[in-house]
Amino acid sequence: MRGHASSSAAGAPAALRVGWCPGALRPMMSRDGLIVRVKPRGMALRVDRASGIAAAALRHGNGLIDLTARANLQIRGVTEASLPPLTVELDALGLLDADVGAEARRNVVASPLMGLDPSSAFDVRPAVAALEAALAGAAGLDALPSKFGFAVSDGGATALDGVSADVRFEALPGGRFAVRLDGQGGAEASCAAGAVAEVALRLARAFVEASASDGALHRMRDLVASAGAGAVLGGAGVDGPDPAASLSPRSPGDGENAAATRPRRVGRLAVADTLGVAAPFGRLDALRLDALARAAARAGAVELRLTPWRAVLVPGVDPAALDGLAAECAAAGWIVDPSDPRLRVAACAGAPGCGRGTTPVLDDAAGLAGLLGPGGGGIALHVSGCAKGCAHPAAAPLTLVASGGRYALVAAGTASDAPVAAGLDAAEARRLLETLLHLDRRP
């Protein structure tokens with residue numbers, strides 16, 4: 001490798017390396033082995049790199065890959081012995097950051113079809129590239145929480161509605177961005193497109209400085225609740241208030257259900273000759289990823305665009321090849337039908353993959369999805385392996401929380417909220433869901 005430092009090779013025993021957001025240079029141990037998270041830049045992954053990741057996952061992991069809610073790929077089942085050669089291969093593919101700190105800070109999610117979507121306010125790719133580079137090279141941000149993230153939305157067909165972030169930039173007509181902080185009620189500030197990276201660093205440093213003296217400040221929403229969004233933005237030298245910011249498409253960041261009317265993102269899209277495909281519950285195997293990459297290349301595409309909705313967009317497909325590509329993807333196990341009920345279910349790894357999991361929630365989620373029937377909209381059911389609710393931190397209409405092989409049911413809440421029923425085995429949980437869904441459908 002070219003000077004990359006991996007904390008796994010030099011740090012604590014694998015059994016102790018839990019509890020953070022993993023990276024490629026700082027993986028996290030789970031029950032099925034190390035989780036190695038690959039963070040492609042700019043939401044884009046060349047098809048040859050996608051095939052390379054698939055091959056590496058087969059050689060050095062257990063062949064399973066997760067699509068995360070931050071538009072990253074997680075290679076699972078890596079061992080202490082297989083991690084060094086995996087890191088070498090990822091480095092050769094151009095997918096590693098310079099060091100662990102740069103990798104940890106570069107938490108940016110952006111509109112997946114940025115630069116290709118004529119319905120967007122403008123092309124936000126230069127701002128995203130500048131932001132990623134600035135974060136990777138920033139000094140003085142080592143204390144930034146590992147989950148602290150930034151979002152850049154172009155206001156088009158893949159605007160980041162329902163995608164949470166500590167700091168978000170939303171494109172406005174005329175070439176500026178509305179600047180919003182998590183927990184902020186309304187638009188209070190804006191910045192020029194060329195100032196996004198500088199503004200982001202100022203806000204990140206403001207958070208680090210404030211949290212150094214107040215241990216209760218874990219994320220930006222805590223600082224906003226404590227000091228107020230106006231004070232935080234003003235203290236960081238961000239322009240505001242700005243009435244023009246009200247022109248921005250609002251991205252509330254309060255969970256996927258806020259996006260019930262969002263444009264379709266699976267199936268044939270009207271933008272840039274794009275096909276959208278989804279992995280059931282964000283889980284796929286390496287062969288499925290390779291099949292997508294090879295089929296996309298045959299159909300004329302050169303890259304994949306990852307999304308925070310656990311789906312992959314394939315832009316630039318030869319229009320005559322779109323139907324054939326969809327058929328190939330469906331045959332490989334990808335979801336290509338936007339009415340597939342599995343798109344309305346969120347589920348985590350559960351047992352046996354996760355160290356906290358006691359229940360095979362992926363299997364149970366697959367069996368329960370059919371109860372929802374076809375239809376679009378947001379997440380209707382969350383099946384969580386524990387009270388952390390990693391797969392869907394926001395509230396869902398119905399949430400099953402596993403513990404000791406049984407489920408508790410939460411209505412209109414998160415996995416950590418109080419349940420309305422508990423101690424349910426899988427069959428009992430299914431019957432209760434059937435009853436509740438039947439009542440919900442009554443005229």
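Glycine is no exception: its Cβ is also placed from the backbone N, Cα and C atoms.
Pulled from TrEMBL, these are the features on record:
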DOMAIN    30-92  domain 'Nitrite/Sulfite reductase ferredoxin-like'
DOMAIN    274-331  domain 'Nitrite/Sulfite reductase ferredoxin-like'
REGION    241-262  region 'Disordered'
Which whole-number mean pLDDT does the model give the domain 'Nitrite/Sulfite reductase ferredoxin-like' (30-92)?
97
Tally of residues which DSSP labels helix, strand or coil - the domain 'Nitrite/Sulfite reductase ferredoxin-like' (30-92):
27 helix, 20 strand, 16 coil
Which residue counts does DSSP yield for the domain 'Nitrite/Sulfite reductase ferredoxin-like' (274-331) in the helix, strand and coil classes, in that order?
29 helix, 16 strand, 13 coil
